[in-house]
Amino acid sequence: MVQRRPLVAGNWKMNGSRSESATLLDGIRKGVSAASRAEVAVCPPYILIPLTAEKLAGSPAAWGGQNLSVHKSGAYTGEIAGPMLRDYGCTYVIVGHSERRTLNGETDAVVAEKYGAAQAAGLIPILCVGETLQEREANQTEAVVARQLDAVLDRHGIASFRNAVIAYEPVWAIGTGKTATPQQAQEVHRFIRSRLAVRDKAVAENTRILYGGSMKGSNAKELLAQADIDGGLIGGASLQAEEFLTICRAAD
Ligand SMILES: O=C(CO)COP(=O)(O)O
């Protein structure tokens, strides 16, 4: 049987002052154990990455960015490149989060380009996919998720998923307190894995697929108990060390 190591990653989004973040990082550092089965990561806003690197250096916790430029360097005012994230010790970078797709107009093609830029910089992309409420109600969930996945698969190939993580985040569950039921999430996770398996069974079996959307200490266990849910991408609940660590322990 394949043993996928669970990953619990915090997506802080645009939250945290320097002092709040220092407290949060100290709490996480204290709480993560090298002996735990689950891997723990945090993705703070860019400007807090140096502080994160300083606070978590030498701990079992990893860190990453929430976005990156498609370019390596150059005249792109306001952008941050993959190699810069790598330079600050980032392991991961989130690509294609629904907030960026919706609010920043990131298309499937742009997301695929960012996924490639992340891997080129030696980062592990956390590729986010997921449907809106309207799409779910129109029975479009699988079609939407397939389209988002295929954009990356067609461009970078199934082998690229040896170095990638997928996060299924139903848009209607993000920040709404409305979690997908474990069964609803499992159905889509299984669909994603089967979509990968069409191209390569072994890669599909080894790819970690995280759930994201109102996951918290009180519902994490049930979600993480599903066969194809390999961890979580946590928004709001990752801003409090104890709450976040409760989810990490549930993944153990
Ligand atoms: O978007 C998310 C993580 O990327 C989920 O956010 P919430 O956990 O706040 O619903």
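The backbone N, Cα and C atoms fix where each Cβ goes, and this holds for glycine too.
Binding site for substrate per TrEMBL: Asn11, Trp12, Lys13, Ser214, Gly235, Gly236, plus Gly175 from the candidate set Gly31, Gly58, Gly175. Between the alpha carbons (Cα) of Gly235 (substrate binding site) and Glu169 (active site, proton acceptor) lies a span of roughly 11 Å. Asn11 (substrate binding site) sits 10 Å from His97 (active site, electrophile), taking the C-alpha atoms as the reference points.
Across the residues the record lists as binding substrate (Asn11, Trp12, Lys13, Gly175, Ser214, Gly235, Gly236), the two Cα atoms farthest apart are 14 Å from each other.
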